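Visitor: Before we start, here is the structure in question, set down as structure tokens.
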Amino acid sequence: MRDALRPLIRAGLAEDFLFGPDAATLATIDPSSRSEAVLRSRERGVVAALAAVPLTFEELPHALPAGSHASHAAPTAQAAHASSAHPSSAHPSGVSVEVLVEDGDTVEPGQDLVRIAGLTASILEAERTMLNIVSHASGIATATRRWVDAVEGTHARIRDTRKTLPGLRELQKYAVRCGGGVNHRMGLGDAAMIKDNHIAGVGDVAEAFGRLTTRFPDLPREIEVDTLEQLRKLLPLRPELILLDNFSPEQTRQAVELTHAASPETKLESSGGLSLEVARDYAEAGVDYLAVGALTHSVRALDVGLDFVV
């Protein structure tokens, strides 16, 4: 995850310093001032991507524009090695970081997540970048856990989709795992999913799946249906997975019965219009997965803040 976080952190810092140094910090903070601070959760939730905190301080010296406090020295090789060796080690930005909880942990309001000590200016300059990443990822993990809890006791798993924000897919899918969900495909090439628009282009659901099987016989193959009639046409072809799009819970139960009778090895996934209120209805109908695009495309960030210790 660290390798995926670095470019996000660099982009976040670059945006913050696009028009020059941190004017408020330069005007109010002595370059030698040192402080202690904590990242603190302001609500109950599941945390994710806490590695963004130490990594932000590793990247900060490289991002500072001309005119920033001179005390932010560029990292030496020795310091850079130390900063990645231990979560409480000192960073080249003049800050030490101690991560107090693990990704995937449930935290309570007022609970400290990370302890930070060092140059006040560095803490202030890094604040927004690290909070943006941690709060966004933790919001996804928290939402995922709610869905996982909603189907507890069934064999259904909560699965994400490709409805991720550009550049954030790896982070968002990692956060889903932290919340107890499972990942669907990472891109268009690691598995093939025939959707309604593919079927419309061919004219027949079975023909579309047959073409895919002929062209890519060794690739995981999935196909979407929106009627029981389409499902019946597909089952003799024994797809690995069939996505039931906008089926009602009763239609889903019928689909499960048909599939278990004709192609028991085929997995079924419910998708389209799902909500927490009906999640258990679909899970108890017998599907293997619930596809939840809202986990990544419209989730609310977890309220996490930075508080200085006075």
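Backbone N, Cα and C define each Cβ position, glycine as well.
Any TrEMBL annotation is an automated prediction that lacks curation.
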Visitor: Ranges 66-93, 206-233: which does TrEMBL label region 'Disordered'?
Guide: 66-93
Visitor: ARG128, THR161, ARG162, LYS163, ARG185, GLU224, ASP245, SER271, GLY272, GLY273, VAL292, GLY293, ALA294 bind substrate according to TrEMBL; which of LYS173, LYS195 goes with them?
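Guide: Looking at LYS173, LYS195, the one TrEMBL places in the substrate site next to ARG128, THR161, ARG162, LYS163, ARG185, GLU224, ASP245, SER271, GLY272, GLY273, VAL292, GLY293, ALA294 is LYS195.
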Visitor: Can you check which residue among the binding-site residues GLY273, GLY293 has the largest number of Cβ atoms within 10 Å of its own?
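Guide: Top count of Cβ atoms within 10 Å goes to GLY293.
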Visitor: Given the binding-site residues ARG128, ARG162, ARG185, GLU224, SER271, and counting only Cβ atoms in the protein chains shown, which has the most within 10 Å of its Cβ?
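Guide: Per the Cβ count within 10 Å, the most buried is GLU224.
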Visitor: Return one of helix, strand or coil for ARG128 (substrate binding site), based on DSSP.
Guide: helix
